[in-house]
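Participant: Dropping the structure in here first, questions after.
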Amino acid sequence: MLIVAAYISVVLIWTTTPLAIVWGGSGDWFFAVALRTTLAALLILPFAFWFGVHKRWSFKPSVLKIYLFAALPIFGGMTAMYWAGQSLPSGWIALLFALNPIFSGVLAHYLLPNYQLNGLKILAILISLCGLVVIFAPNLSMHLATIQLLAIGAAFLSVFFHSLGSVLIKRCGTHLSSLDVVVAALLVSSATYLLLSPTQLFDVENYLRLSERAMAAIVYAAVIGSLIGFVLFFYLVRHVDAMKVALIPVITPVFAILLGHFLNDEPLGWDVWFGVTLVLAGLVLFQRQK
């Protein structure tokens, strides 16, 4: 029963997080992502001390390298995605992020031994790309087409960073626990945001300019999306069949697109559904060929 509850919770969290990104970044997007990451880092610290993570912290070059790789999906991935969220519907963000297994597979082909792309995997990638074209081409705003194309590029960059971090950690063959890696990633990322903009998180005016919806979205993304979402996902990875876990990115874009349509008035026509079908069909084919 606990596993079922965790699975449903992860699906719901991954469904709602893209909309939280769009709403949270509707004002100052950099402040939003920096605040989300810092909040998550502060909230996870008590768990880190409770489970003795601080006793295992190491400054050996081999371990520091893993910490930096783990920060790539958070600092690199979320920064790019929050910028993209200013111009893209939340459903598109969810769909692009669902391509993470494909990006990981392509990177693994070049970075990991004994992993090769075959003809069916390449076909799966092409099917998913065709689906994206079907969705994006008719739905780009005439006045905002350039900025939306840049945002799509930023979203691809976000998925690339997320996949690259995961593949590089796997390449290192780390002995660290999942909690150790998550804590380090959040701390490194939040410290980087503070270095880039030392005063932004301490400026009261930034908080006063946030709408209630934006503030709620940032807190939700930090507590539910970053903290609880990570814990539950790693719990599923340990206790559930890999194929069932792999279905999560296939399920969530459908619900995220519906949520964005009903709560954020995002476009939802036959072209969107046809494109989604192609993207997810390619993703399923790619996953089945592992």
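Glycine too: its Cβ is placed from the backbone N, Cα and C atoms.
Here's the feature list from TrEMBL:
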- 6-136: domain 'EamA' (DOMAIN)
- 151-285: domain 'EamA' (DOMAIN)
- 5-23: transmembrane segment (TRANSMEM)
- 29-52: transmembrane segment (TRANSMEM)
- 64-85: transmembrane segment (TRANSMEM)
- 91-112: transmembrane segment (TRANSMEM)
- 119-137: transmembrane segment (TRANSMEM)
- 149-169: transmembrane segment (TRANSMEM)
- 176-196: transmembrane segment (TRANSMEM)
- 216-237: transmembrane segment (TRANSMEM)
- 244-262: transmembrane segment (TRANSMEM)
- 268-286: transmembrane segment (TRANSMEM)
Participant: Is it the case that the transmembrane segment (119-137) and the transmembrane segment (268-286) have 3 or more CB pairs under 8 Å, with pairs at least 6 apart in sequence?
Facilitator: yes
Participant: Report, as numbers and ranges, every residue of the chain located at least six residues beyond the transmembrane segment (244-262) whose Cβ falls under 8 Å of a Cβ in that stretch; write 'none' if there are none.
Facilitator: 7, 10-11, 14-16, 18-19, 22, 89-91, 93-95, 97-98, 100-101, 236-237, 268, 272, 276, 279-280, 283-284, 287
Participant: Taking 3+ C-beta pairs under 8 angstroms (sequence gap of 6 or more) as contact, is the transmembrane segment (176-196) in contact with the transmembrane segment (29-52)?
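Facilitator: When sequence-distant Cβ pairs are counted, the transmembrane segment (29-52) touches the transmembrane segment (176-196), since at least 3 lie under 8 Å.
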Participant: Below 8 angstroms Cβ to Cβ, which residues of this chain, lying six or more residues outside the transmembrane segment (268-286), approach it?
Facilitator: 91, 95, 98-99, 101-102, 105, 120-121, 123-136, 138-139, 249-250, 253-254, 257-258, 261
Participant: Out of 29-52, 91-112, 149-169, 216-237, which stretch has the largest tally of CB pairs under 8 angstroms to the transmembrane segment (5-23)?
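Facilitator: Per the Cβ count, the answer is 216-237.
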Participant: Relative to the transmembrane segment (91-112), which of 29-52, 149-169, 216-237 accounts for the most Cβ pairs at distances under 8 Å?
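Facilitator: Highest pair count goes to 149-169.
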Participant: Same chain only, please: residues at least 6 beyond the ends of the transmembrane segment (149-169) with a C-beta under 8 Å from a C-beta of the stretch. Say none if there are none.
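Facilitator: 66, 69-73, 76-81, 83-88, 92-93, 96-97, 99-100, 103-104, 107-108, 111-112, 136, 140, 181.
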Participant: Other than its close neighbours in sequence, what residues sit by the transmembrane segment (216-237), given a CB gap under 8 Å and a spacing of at least six beyond its ends?
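Facilitator: Tertiary neighbours of the transmembrane segment (216-237) are 3, 6-7, 9-10, 13-14, 16-17, 19-21, 23-24, 32, 35-37, 39-40, 43-44, 178-179, 182, 186, 210, 245.
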Participant: Can you work out which residues elsewhere in the same chain, 6+ from the ends of the transmembrane segment (29-52), have a Cβ less than 8 Å from its Cβ atoms?
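Facilitator: Those are 74-75, 78-79, 82-83, 85-86, 179, 182-183, 186-187, 189-190, 193-194, 197, 200-201, 206, 214, 218-219, 221-223, 225-227, in sequence order.
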